[in-house]
Amino acid sequence: MATIAQSLLPNHVFGVHGKMRDGVHFVDDSTIVYCAGHCVVWWKTEDKNQKVVCGTADTETMTAIALSHNRKHVAVAESCLPDRPVVVEPKKESNDLAKAIEMAKSVSLDIKGPVISIFDSQTSKKKKVLMGGDIGSRSYISLAFSHDGKCLAAQGGAPDWNLVLWSLEKSKLIASIKTSTGPEVYQVQCCPMDLNLITVIGDGFAKSFRSTDSALRPISTGIGKREGLKFFNHAWLYDPSAPVEKEKEKGDKKEESVCLYALENGEVLYTENGEIVSSISPPGGLPGAGFVEVILQFSKGFISAESGAIIGVFEKVDDESFKRTRSFKADVNGTRIVSIALSPGEELLVCVLKNRQIILVPFQNSEFYKPDEVPKEATGHGFHSEAITGLDVCQRKPLAVTSSTDKCIRVWNYLEKTCELAKYFPQEALSISLHPSGLHILVGFTDKLRLMNILIDDIRIAKEFNIKSCQDCAFSNGGQYFAAVQSNVIYIFSTYSFENLGNLRAHNGKVRSIWWSPDDTSMLTAGIDGAIYEWQLRELKRSRENVMKGCVYTSVVGLKDSKSFFAVGSDHKLKELDENSTVKTFLERPVLGAGEFYEVQAIGSPISRLVITADSSLLLCGGEDGAVVIFDIRDKEKAIASHVARHEKDASHWTSEVLVLKADLEELKARVQDLETQVTEVQAHCEYQIRIKDEGIALRIKELTDVSDKDFLESKELELEQKYKALEDLQVVRLAEMEEQYQKKMLVEVARYTALENDKEIQRLEFVEDRAIMAEKHEKALVDITDAYEDKLEVQQNAYAKLKEEAAQALLDFEEIRRQMEEDTDKEIEDQKEKYDSLIAAEKETVTRLKGENGIMKKKFNEFQKENEEQREELMLLFQQKKELYEIIGSLERDIAGLKKDVQERDDTIGEKEKRIYDMKRKNLVDNYVQPYCLQDTELEKFKFVLDFKIKDLSEQIEPREAELQDAKDQIRKMEVELERSHAMSGKKDLAISQLKLKLQGVQNEEDALRRANVLCTTTLKHFQHDYYELAQLITDPEALKSAVISVFRKYVEDKVTLFPVDEELEKDTNRQRDFLERSVAGLRRKLHKEMEAHHTNHLHIMQDNVALIKELNELRRELKIIKLNQQKGALADGSASQHRATTARKLTALAKGLEDQLTLSQQMEQENLRHRVVQLETELASKVDRITYLEAMLQELELVQNRPKSRGELPPMEGVGRFGGYSSTTASTRSASPGIKKTVQVMTPSEASSSPQGRPTSSPGSNKWSREKGAP
């Protein structure tokens, strides 16, 4: 196992085994030990703290537990896994405890059967592991220590029911015996008075065995008379102060061995030395009382746990009888009690019920308990009794909520280790989720989904949703949403408005798990259809998915800091899917054992739920046995604060708010007021009664005190006188003895003191001498070290100066080498240019020729491939016929083999018959005088006739079979000849195909070589373009231009330039392309002219409308001025007329203003539209002008191309004429002043111009050729 930083330490377990007999014990007055899950739990009843120890690795579950009589050791039995054999090879004996512990802790421990672990009850550390022996079963069902604690009796389970006896000192199996042949065995006990006596009870029997040195021997007892009835329990009664049989001396009287047996008919048998003395019947008057299930001894008698959860207390009346003194009920529901235990001080009684509940009852006050009621002092600690179906935690409170198939929902406080709330429902909860605030829970029942509030003392339903059989539900991390699953649909709701926000549908099967992302924006879902989907909740769409058919996924979770998530399913593999949809698979364990994993086995059944608290410090685990285990997630490499200190630190951020209904609060207040009134009344009555009793008691106390004081004083005086006299005698004797002992001790001490003084003086002198020697050595060593380091420092300084000089010289050498290398490199580049210029023309011609040949070869190859496919189909048909013929041949060969076998059998028969004839003839010759010749010859003739007939018949059957066989062989021969011919034809075609492939490979190689040559030519062309651009820069300096042209000519032209006539086809293609471009330009010009005319017409219409509107506006303004003048002239008129005119004027003014505003607004809108239209038309016009300009330039270039001589054989090919001095290419590079810096100008080809939008040139980076239209040169 690889070491990792994190570890899981079990902290607390909510649960207990509900079927384990004698499953709880008191280690001391305040500590009980029991089994829960796959753990052993030491539980402090005072502070409720637990110490949890996990079981042995590679075991299934715990089946039995026992405590030694001295309460120092605890034995726990664990069953092996189902696939393990039940027989174990016994290991070597070892008396070394350290080796035994190391063997138990070893990971490579080979567990092949049930295991018994021995723990120290005080430190809870494992001391021994008992394994081995022929147990014959997978588990032990009952354990019992011997009274001296040296041996351990273990009863094995089905099918063999073997009883084994272990020696704890030697860790060795002493003896074993089979106790039952079929009926179930219940319990084993060791007799405390006889260390060699062991008793076993079961279904219909009770047996006793006596152990010897190496065997268990059954003994007969009187209890066998009652066999046939079930023996539920039995217990030995003994006096702890009485000596054990092996410890008795010869003179001691033998103690009787008393044992009680509880039967199914309700009787309790009292036996002594195996013989029945009497029987005790429980009273039938108590409700639910029937039979005794558990018996436990205490100081005054024994305690019985009866059906109906009744606890009965029996006290001893005389030597052979017990009387029931009191009884009480442990559980209101009458649940069966499976185990009880009493503290050593007999103050506390603990009961374990069948439904996995623990009940603590104070036992010292049991005489005051009523028979048919549960004591008020009893405290119950409830756990789930069936499988856990849901588990969740919140963020704001230290709470966890669980649901189970026992129809109960429980709220746990995992810091205080208590159950806050528990409520039973009429239906089973299928899923559960706790709100981050800890105030609400979401529960999925079979009929509906219910949202509930967690009150201070109850769980109330707040809202019901019509979602049936919700298998999984979950609140979001923020709590504002929750998701619920119904079959293959996920419903998303708002927590506070209860609104259905959307449904997620994609799974083809039931959804088994959902997970919210930390920011609540996405969700992961996994189903039984093998699909995992990631949903984006804003769009309710899938963003990622992973589908694996055949894998039933059961759980999926994501990581908070990345987009990866983990999933687990029915293929028993853990899968990780990252953001790139890459799947990583983790097996159950690393194959070679080198991976990192940590295994803790704390649950005795399959784990159904896992959850981690919000601070990632605790892990809660729920199992199908109803147990809930809390683990601490701790760091092994660092120190960890104590558990209590961490809880005090974390308690600061937990909220304490609870929900209380207003009606409940008012009812509580009213109840408190009533109780306060009752308390006041009762208090006054009690005070009155107390005063009366105090007066009577004071008077009685005074009388008793006087009498008691007088008697006490008299007895004390007499007792003191006797003690004083005895002390005086004892003092005299002790003084004499002490004087003598003191004198002896003084002599011894004086001699010892003298010797010590001498030793001290000798050691002082030696110390002074050693100190002087050491000081001298230290001074000398210090001087030597100082000199050595000074020498080393000088050497290092000299070396540093030398290295500095060498570095300066190396720098100068490097500069010189770099300069020379640069010169050599430039020269080599020039040589390479001159070398490859000569190869361009030949390579270009070769490329053209090879392209044609390549096309022909591809055509031939396709024809050969087609013919090859036809031949393959014929070959497959022949193979099928050959297969059928081989099957016929096989059948015929089997027939031939059968016929040959028949012939062989017939030949053997004939041989035997001939042998018999020979024997009979010889016998006839011997017995010639006994029988006549005639009779013997007649018998021989008959026998020979029969044999000849059989031989003839067999020959007739063989001949047709041989003919058929010959025909089949001929047919096989013909088919083999045909098959060989087919193989020959196939070989020829394969050879032709291989030759074509070789030719094709050669053509491809040549094409690659041409492509490389083409790249070199392209590079040379770029260099020439750059040089040509340099020539264009010198156009104003004729002398420099002339010298530059000469240098360029000498650089690129080595041979004489040969001029060739212009190719007619090339000229025709060029003319055709020019005509096409001219027609395109003419069409574009016509289209532009029409659009400009339409634009001008539209503009004139708009201007005319605008003029008309302006004229109308001016007329309205003039009318307004006239009205205002008339109003001023008629100001002296009457009031009504003036008022009427004023009103009319205001109306006209408002009308004119509104009309003016309306006209202005509409005019502004039209003007704005006109501006946008003008801008758009100008843009289109500019683009078309650019397009026409480009096409005209192309026409000029094509005219120049027609006049250019064909010079591909002598000069580098020029693909077109452009704007830079008549030559064009895709890129033209200009070398700047600094070497290595280039300036690139890109020119578009005609085909690119025709495909670009609006006729604008486009460029493709990296291209170095013209992209021509089909048919262009």
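Don't overthink the numbers, they just go from 1 along the chain as shown.
The backbone N, Cα and C atoms fix where each Cβ goes, glycine too.
Curation does not apply to TrEMBL; its annotations are automatic.
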Of 84-122, 279-317, 513-551, 786-824, the range TrEMBL labels coiled coil: 786-824
Correct range for coiled coil (source TrEMBL, candidates 182-209, 462-489, 658-685, 1106-1133): 658-685
Of 217-265, 364-412, 560-608, 854-902, the range TrEMBL labels coiled coil: 854-902
Within-chain partners of the coiled coil (658-685) [C-beta distance under 8 Å, separation at least 6 from its ends]: 439, 453-456, 460
The repeat 'WD' (381-413), counted residue by residue under DSSP: helix, strand, coil: 0 helix, 19 strand, 14 coil
Other parts of the chain folded back onto the repeat 'WD' (381-413), taken as Cβ under 8 Å at six or more residues beyond its ends: 14-16, 18, 354-360, 419-438, 441, 443, 454, 459, 474, 605, 608-614, 620, 622-628, 650, 654-655
Segment confidence, the coiled coil (951-1013), expressed as mean pLDDT: 79
Per-state residue totals over the repeat 'WD' (504-545) - DSSP helix, strand, coil: 0 helix, 25 strand, 17 coil
